[in-house]
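Data block below; observations after.
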Amino acid sequence: MVTLNDIIYDSIGNFCFLIFAFLLYRKNRFAWLAVVLALLTKLFLYGKYSMFLSFTYLSMQLCVVVLATIVWILEPSYTKLQGNRLVLALLTSAIMIIIWIWLVYAFINPAILTYEFLFGFEYFCYMLFVIGGALLVYRIPQGLIIVAAVFISYALYYANSALVASKAPPQYIKDFAIYYWFSAIFLFVAGIILVSVYTRVKRSI
């Protein structure tokens, strides 16, 4: 059962995404560490019943984020879109997604192979994040737009959850609403900041 503490920890993880966007805007080479922290928060949150299943689910996001963190610490810069880099980034993300689908199929949810699950909101956003992250590993700025789209999509999801929670009869469910709103605001602002970063980068390269 979802508890108020779960919702609070989730909002803290989403606040880390906002910190990431702000640090990226400031051209801080350690910006991706905030995403590592966000995913670790969600790893332990989802792992309240099984750390193995939680790690399995988040594995490819963690993988691409760790790679991006290393690349960004070494040199926080972008490059113009080039065919060979784009192919490598898409190939990398495709391999990661295929491995992730197999892991989820084998250990979590065999129904992932159905269209309704694979391209449902949760899984589709997961795959988009991996694609956007892979582009940024190869310093392709278009990855910023993809990650921003994921953040804003989740912001709308949390806003809808807040509205639903605020109208729910049990009081403990209504208490979720404020933290859902916090998450919605954090992610929406983070998405807008990433769009701003992309606009600035496109002007400079």
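Glycine is no exception: its Cβ is also placed from the backbone N, Cα and C atoms.
Feature annotations, reproduced from TrEMBL:
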- 6-25: transmembrane segment (TRANSMEM)
- 30-49: transmembrane segment (TRANSMEM)
- 55-74: transmembrane segment (TRANSMEM)
- 86-108: transmembrane segment (TRANSMEM)
- 120-138: transmembrane segment (TRANSMEM)
- 145-166: transmembrane segment (TRANSMEM)
- 178-199: transmembrane segment (TRANSMEM)
Residues of the parent chain within Cβ reach of the transmembrane segment (55-74), under 8 Å, 6 or more residues beyond its termini: 29-33, 35-36, 39, 42-43, 46-47, 93, 96-97, 99-100, 103-104, 107-108, 126, 129-130, 133-134, 136-137, 139
Chain residues outside the transmembrane segment (86-108) and at least six past its termini with a C-beta under 8 angstroms from it: 52-53, 56-57, 59-60, 63-64, 118, 123, 126-127, 130-131, 133-135, 137-138, 140, 143
Cβ contacts under 8 Å made by the transmembrane segment (145-166) with residues that lie 6+ beyond its boundaries: 14, 17, 21, 121, 125, 128-129, 131-133, 135-136, 173-174, 176-178, 180-181, 183-188, 190-192, 194-195, 198
